[in-house]
Each structure stands twice: as structure tokens, then as C-alpha cells.
Amino acid sequence: MTLKSNKNEPALILDSVTSVRTALSDLYLEQLLQNKPTDKQAAMQTYENKGAEVFSNGSAGHINGAELSRMREVAFEKNQSEPLGVTLKLNDKQRCSVARILHGGMIHRQGSLHEGDEIAEINGKSVANQTVDQLQKILKETNGVVTMKIIPRPQSRSKPCEMYMRGQFDYDPAMDDLIPCKEAGLKFQTGDIIQIINKQDPNWWQGRVENNAANFAGLIPSPELQEWRAASKSKAREGSQSCSPFGKKKKCKDKYLAKHSSIFDQLDVISYEEVVRLPAFKRKTLVLIGAPGVGRRHIKNVLLTKYPEKFSYPVPHTTRPQRKGDANGEEYFFISNEAMTKCISANELLEYGSFQGYMFGTITETIQKIHEQDKIALLDVEPQTMKVLRTADFGPLMVFIAPTDTAAQTENLQMIQKESETILNTYRQYFDVVLVNNDVNESVKIVEEALEHATTTPQWVPVSWVY
């Protein structure tokens, strides 16, 4: 706006300024009334946003015996049905401080507290000389508006953490005596995909279960802590007699794996497996695992007969002499002892064993040739072999076949059931599908549907399959 000068210029300017001031005042008042916060919103505001910082006027203030140059007061409304998402600790000066903020929790969403902040008062009462359990109880039992006087810790920007892990064990924080706060723990089961939000604490990470209704994170033991715990239990059992987890003798004795045992000793200490989500892709190998007598070979034969253009079984190699009527490459490839020994030394066998003085084994090259024909290699192997197969080269779908759960339990069925439980408890983390073989045709249908689902929907796979 341009004002032209004339003799009444001072009066005109004064009138214009007054009009503008009135208009702005009315507009401000209207906006203020429209945006007036509700009582709940007002209670949720923190004094930090209003700049309510208390400074000493030259002489240091004291609270909890500490000299302060600055203190801040924050307030928020505590919802009784939702945890605050904060844990406390005593710092090196034995003062109450914020140990961690759980991602997605009430405090995290408000941003009113930060890790390392010292808490001097809660609702006007000093927290000096209180234990951590007493402090947590005070917060848990406080309802409505909560006010705190805090000494803020200088904040540094930390790089955000976002990774995904598959839980390889069942975890219930209520049963964990090591967790600093059971209420802050995250319960999960073997196979759950966990989004890791924060791993600054070397012992307790923050995560949340993927596709879970709860939006806030919880505490889980870090891989280091869980592996230490598992190793401690294993060490305690060292004095006990070591034997095969599958005590019953089998037709094929002295079974071996085509890798060094030390590798598997490392793999036996389980905690989490880092995973990545991939678009749908074709599985190259179907692996059937189960106790002897459970019916996995019957299921395998039905699949091979029903879909010869889709599945193929790798023909094993043997040192047994070729008999009359034996066609090389039909049921077996017949090779010499020297050739078999070379294959074993070169780690070319997936697994091998001896029977009646002859060696039998599956060479990995036969599996690769099936893949080259654009077919799915169908395997029924020992449970230990899954560790070798679980790579991008084999791209497997692992299926565990459990025995029938019918009421009529014969002695033989009870033995199969017991051995199946041992396999499942030991290798549960490797199975993509678990089915109960009450009916062969129904079991075949479940396998077909599982394979179709795995090849048509996005899948979580070990990160080693990609990088």
C-alpha cells in the first residue's frame, strides 16, 4: 500500500495504522479462539515448549545435593491404559535418570524426556534416596497430569537404526530375571520378524514385532546377551553324556556332513538372524524333514509322481558294486572308493554315510543340475543338513513333517512322536512350514499351497542371501 503525502498526512497515517492494528487484533483473537486447546491437549503440553527454564542468578541453586545452573519443568498427562515407555536408573552419581525411551511409546511421541536426563522431582516430591524399583513404582501408580523437574542432558544426534531380525527362540520378558524392567519387555516367538529400532545398549535392544497391532517398541536381549546366556547353559551341561539327539539306530549308520563340525558348533548358538524382505521369487529346493517312519518318503514319492515336470530327486552316489540289472544313474551313480574319497575331501557331498561297508552320498552337483533344468530339487535329508542347504544357492523351503496326532498311540508311534519333538525343539528356527501328517493327500496339498505361497508373495530371507 502506498500513501500519498498531503497536508492531512499525519492524521491519515494514524487512522491507517489504527485500522490495521484493529484488523490484526480481531484476526488474532479469532484464530486464538479457534485453536484453543482442550484440557487434555493443554495437559499434554510440556513447559519446555514454553521455555520455562529456571536459571540461577549468579549463586548456584541446589537440588538433590547437586549444584545446578539450569533446570527445566515438563508436564504430560499419563494415560492409565498405556505405559509411559520409559525406564529409569541411578547414574554414576546415584541420581535418578532416564535409562531409555522406548520407541513409539507415550514419552517418545511427546519428546518431553530424553535418555540421560536427570529427574529431580515428580509431582513436587524429591526423588532423592529412592531405588530404581521405587521410582518405577511411583511412575506406574501416578495418574493424570505428571509434572517433573529435570536436568536435561545435552543431546547429540544419533544415526537412526532400522534393521530386521528373525527371532530364533521364544522370549517372554515376564520369565527373564535379567531384564531391567519386565513391563518394558517385548514378547515374541520363534520365527517372528522383529524390527530393531535402537541398539545403543549393548545388552538390551529395542524392537517391535512386524505386523503387530502394538505400535511402540519393547526391550529384547541383544544377540550378545542371548548367546552368552545360551553358551552358559551349554557349558553347564558339558558334564553330561553327549549322544545323538536321535538315539534310535537307523538303516544308514555313521552319517556325516560335508562341512567341518566347528562351523556347526557356532551355528548351534542361536539368537537372531538378520533378514531382508524380497519380492516373490521361485524356491529352488524343497526339503522334507521328519523322524524315521513319519511318512516323508511317501509324501516325496507322491509329489514326484504327480508333478514329474516340476520336481526331481537327486540320484545318490555309492561305492556298492553295480549289480546285474542296475542302470547307472537310475537309482544310484556307481563310483569307486577312490572317487568317493576325493569327493569327500573336496566337500562336494551334501551328506554321506556307510551301510554294509559301502559308502552312499548325495553330491551337490546333482542338485545343481536339477536347478539348471528349471526344476525343484526334492530332498529328504537329516535335520543337520538344513544348515548347509540354507543358502541362496539352494533357495530352500524347509518343511517339517510331524506324526499323526490321533488318539490311538501305539508304542512305535510314541517313539516317533518323541523323536519328532526332539527334532522340532532343536531345529525349529529353520522350518518354514510345520505340518501334521494325519493324511498323506492332505499333507501333499499343504506342501503344494506352502510352495505356491512362497513363490507368489514377498518373503523374509536371511540377509546373506542378498549381500
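Here the Cβ of each residue, glycine as well, is placed from N, Cα and C on the backbone.
The domain 'PDZ' annotation in Swiss-Prot covers 73-154.
Across the domain 'SH3' (160-230), mean pLDDT in this model comes to 90. According to Swiss-Prot, the feature domain 'SH3' maps to 160-230.
According to Swiss-Prot, the feature domain 'Guanylate kinase-like' maps to 283-452, an assignment based on sequence analysis.
The domain 'PDZ' (73-154): residue composition by secondary structure is 15 helix, 32 strand, 35 coil, according to DSSP. Here the domain 'SH3' (160-230) has, by DSSP, the following mix of helix, strand and coil residues: 14 helix, 24 strand, 33 coil.
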